[in-house]
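Chemist: If you scroll down you'll find the structure; I have some questions about it.
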Amino acid sequence: VIGGDECDINEHPFLAFMYYSPQYFCGMTLINQEWVLTAAHCDKTYMRIYLGIHTRSVANDDEVIRYPKEKFICPNKKKNVITDKDIMLIRLNRPVKNSTHIAPISLPSNPPSVGSVCRIMGWGAITTSEDTYPDVPHCANINLFNNTVCREAYNGLPAKTLCAGVLQGGIDTCGGDSGGPLICNGQFQGILSWGSDPCAEPRKPAFYTKVFDYLPWIQSIIAGNKTATCPP
């Protein structure tokens, strides 16, 4: 996260850290004791999922590591379009218990409204050159825009996405924040998918997969319908 500050250790009990290699990691969001949501483009063959984590180099007493037991990506996702249906649901190999630094966030009950102030968070780059990664998650507030702002910035926008950032630039998610949550008015509304390169450019908000539009798919999979398909 560019232009933010260290998150309060108590504000992100639902935030998980997916580690694949020193060069490749993502954010994830715990939605119940056994399931996390992230971006499909964060998928790797081998993933360690840390929950209850704040400082990467120092373990919290209640920090735990889990692995994917099952992974679900929309069966109708366009394979060669990284930004299409950029959402992945992962079942943990063992449930987690709620503790000081671990608690799920519920799925949104309403879609977010344009103009909302939203919170971003993650262990991603804190410099636009993407050469400085923090030991602790950084948090910042950004604004939810009308999708036309992103359409103009990127000559288009995938369906079922949210467009969020700061028009003057300087505050944004960045490399390593992918898959992490966009929290608007206390509700988990988005999953970081893609943004400008370099990050935090003026008039180039990032886009986030719109969780609300995928609720039927998420709820079907969790209920045991493993073949559920996503909206087109």
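Each residue, glycine too, has its Cβ placed from N, Cα and C.
Checked Swiss-Prot, it gives:
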ACT_SITE  His41  active site, charge relay system
ACT_SITE  Asp86  active site, charge relay system
ACT_SITE  Ser178  active site, charge relay system
DISULFID  Cys7-Cys139  disulfide bond
DISULFID  Cys26-Cys42  disulfide bond
DISULFID  Cys74-Cys230  disulfide bond
DISULFID  Cys118-Cys184  disulfide bond
DISULFID  Cys150-Cys163  disulfide bond
DISULFID  Cys174-Cys199  disulfide bond
DOMAIN    1-223  domain 'Peptidase S1'
CARBOHYD  Asn98  N-linked glycosylation site
CARBOHYD  Asn146  N-linked glycosylation site
CARBOHYD  Asn225  N-linked glycosylation site
Chemist: Please list, in sequence order, the residues in the chain of Cys174 (disulfide bond) that are at least six apart in sequence and whose C-beta is under 8 Å away from its C-beta.
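Modeler: Counting only residues 6 or more apart in sequence, the Cβ neighbours of Cys174 (disulfide bond) under 8 Å are Val1, Ile2, Gly124, Ala125, Ile126, Thr128, Glu130, Gly195, Cys199, Ala200.
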Chemist: For the disulfide-bonded residues Cys26, Cys139, Cys163, Cys184, Cys199, which one has the sparsest Cβ surroundings, going by other Cβ atoms within 10 Å?
Modeler: Cys139
Chemist: What count of other C-beta atoms do you get within 10 angstroms of the C-beta of Ser178 (active site, charge relay system), across all chains shown?
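Modeler: Taking all protein chains shown, Ser178 (active site, charge relay system) has 26 Cβ neighbours within 10 Å.
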Chemist: Rounded to an integer, what is the Cα-Cα distance in Å between Cys7 (disulfide bond) and Asp86 (active site, charge relay system)?
Modeler: 25
Chemist: Just jot down the residues in the same chain as Cys74 (disulfide bond), at least 6 apart in sequence, with C-beta under 8 A of its C-beta; none if empty.
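Modeler: Spatial neighbours, sequence-distant, of Cys74 (disulfide bond): Ala40, Lys85, Ile87, Trp217, Thr229, Cys230.
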Chemist: Inside 10 Å of the Cβ of Asn225 (N-linked glycosylation site), count up the other Cβ atoms and send me the figure.
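Modeler: Taking all protein chains shown, Asn225 (N-linked glycosylation site) has 11 Cβ neighbours within 10 Å.
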Chemist: Would you mind checking how many other C-beta atoms are within 10 angstroms of the C-beta on His41 (active site, charge relay system)?
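Modeler: Taking every protein chain into account, the count is 17.
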Chemist: Name the residues of the same chain, 6+ apart in sequence, whose Cβ is under 8 Å from the Cβ of Cys118 (disulfide bond)?
Modeler: Pro112, Asn141, Ile142, Asn143, Leu144, Ala164, Leu182, Ile183, Cys184, Asn185, Gln189, Gly190
Chemist: Take the Cβ of Cys230 (disulfide bond) and count every other Cβ within 10 Å, whichever protein chain it belongs to.
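Modeler: There are 21 of them.
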Chemist: Taking every protein chain in this structure into account, which of the disulfide-bonded residues Cys7, Cys42, Cys150 has the most other Cβ atoms within 10 Å of its Cβ?
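Modeler: Checking each of Cys7, Cys42, Cys150, the winner is Cys150.
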Chemist: Out of Asn98, Asn146, which of these glycosylation sites shows the lowest number of other CB atoms within 10 Å of its CB?
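Modeler: Minimum Cβ neighbour count within 10 Å, taken over the glycosylation sites Asn98, Asn146, occurs at Asn146.
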Chemist: To see if you understand the setup: which same-chain residues, six or more apart in sequence, place their Cβ under 8 Å from that of Asp86 (active site, charge relay system)?
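Modeler: Residues satisfying the criterion: Ala39, Ala40, His41, Pro158, Ile191, Ser193, Trp194, Thr209.
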Chemist: Do you know offhand how many angstrom separate Cys150 (disulfide bond) and Cys139 (disulfide bond) by C-alpha?
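Modeler: So the Cα of Cys139 (disulfide bond) lies 22 Å away from that of Cys150 (disulfide bond).
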